[in-house]
C-alpha cells in the first residue's frame, strides 16, 4: 500500500467503508488511484471551510440588534406606553407571529404586497403578521367576543424597502390599544385620542399635532367630485401620500397612473388641501356639494361631537381636522387619526428628525365581520404607537447630550478586601437576594478591592457592602455609598433593613 499522510489515510478508510457496501453503492471503475480518491475526499471536506471565509456576519436587511443600552431606552418607552394603556383599563393580549395567509389577504389594500409569505409547512399557507389589528379582529370573531378593551405589544413584519434613518424597519414592534364593542358615538374614539396625547406628552418628544379625518367624509368628497366608486380605494391611497409628496405629484399619480379625469382630480384638490379646527367642520357642513352627501354628513356630525368630547378632555388644541389625511389601509370605516411631531426641536443643539407619524389609528367597524361566518359586526376603534420612530428620536437626543445609561438595575455590590472570603460573600449575597434586593458580586475567589469599587462606579451601582476579617469578628458589615465614598458600620442583623431604607429614600 502506498504511503499516505494522516488526512489521506482517513480518506482511504472512508473509501474502504464505501467498497464494503453492496454492489452499486460505489463505482469502482471511477477510482483511478488511491491518492486521487484521498485528494478528492480531502478537497470536498475543505470546501465548506473555504466558503465560510467569504461569509459576512450581518443582520438581515431591515432588522437590527439592540445593545443593552438601547434595550434600557426601549423598555423605558414601553413602560410609559403600557402604563398609560393599563391606566385606561386595557387587558393584555397576544396572538401568533404568523397567521393563515387567507386571514391577512384583502385587508390592507395596496400594502398587501408587503406581507411576508412563508413556505408551505404541513399543508397550511401562512404569512407573518403585518400589524396587530387584523389578528385582534380574528381573535374577537373566533372567540365570539363582543366587548373588549385590550393592549398588545408585539413584533410585526413588512417586506418593504427599509429607511433606517427614519426609524423604518422590516421587523419592528407595535404597541396597540383597541376598544371593541357597541357604544354611544365618539366616546371610545375620544378616549383613544386622549391616550395618544398622554403618551406623547409623557415621552417628552416636544410639540405634536394629531390630524383627524373620517373615511366617510373622504368617500363623500370622492363621490361629489365624480370619482367612480370602483376607484375610491385607489384614489384614497394616493391622497394618503400627501404627507410625503406635493399635491402636484399626487395629482399626477391620480391622473396618469390611476386614470382619473384631470377635472375630477382638481375638484378633489380643492378639498384635500384644507385643514383647521371645529370651524372647518362647520364650514364643510355648509359646502354646497358635500352637504348633499349622506355619508359625508354622518362623518361631519361625528367629528363635531368628537371635538366636544376632546374639549372636555382638555386636548382639543392638539387636534386638527385635516382633509388630506387618508390612512391607506382598507379596513378603516370612520374616524381616522395620525400624530406627527412638529419640526421644532426640544433643544437648540438638536437637528429636526423627519420620522413621519409617531402614532396613528382609527375606527374599523367592519373588520371583525369579515372573519365571522354569519357576518356579525363588532364595532372597533384603536391606536398604534410607533415605538421604532420614537426610539430613533430619543436615541438621537442621547447622542447629542452624551447621556450615560445604566444597563443593569443592581442596587448593591458585595465586596471584600481580603482573600478566602468567597463563602462569606455568597452567604451575604443570598441574604440580599432573598430580601428582594438586586445584588451582584465578582466571580473570583480572591478579588482585589479596587477593581470591585471601580466596577461599581462604572456600572452606577449605588451601594457596596464590604466584609472582611475585622467585620466578621465584630459582627458588622461596612456599607459604602459609591457616590460620596462614605462608609458606615452596620450590625449584620440590621443590614437588610438599612439597605432597604436607603434605597427607598433615593
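Yeah, the Cβs are placed from backbone N, Cα and C, and that goes for glycine too.
For 62-417, the entry in TrEMBL reads domain 'Aminoacyl-transfer RNA synthetases class-II family profile'. Marked as L-histidine binding site by TrEMBL: 131, 132, 133, 158, 174, 178, 327, 331, 332.
Within 10 Å of its Cβ, the residue among the binding-site residues 133, 174 with the fewest other Cβ atoms is 174. Just so you know, the Cβ of residue 327 (L-histidine binding site) picks up 23 other Cβ atoms within 10 Å once every protein chain is counted. On the 0 to 100 pLDDT scale, the model's mean across the domain 'Aminoacyl-transfer RNA synthetases class-II family profile' (62-417) is 90. In the structure as shown, the Cβ atom of residue 332 (L-histidine binding site) sits within 10 Å of 25 other Cβ atoms.
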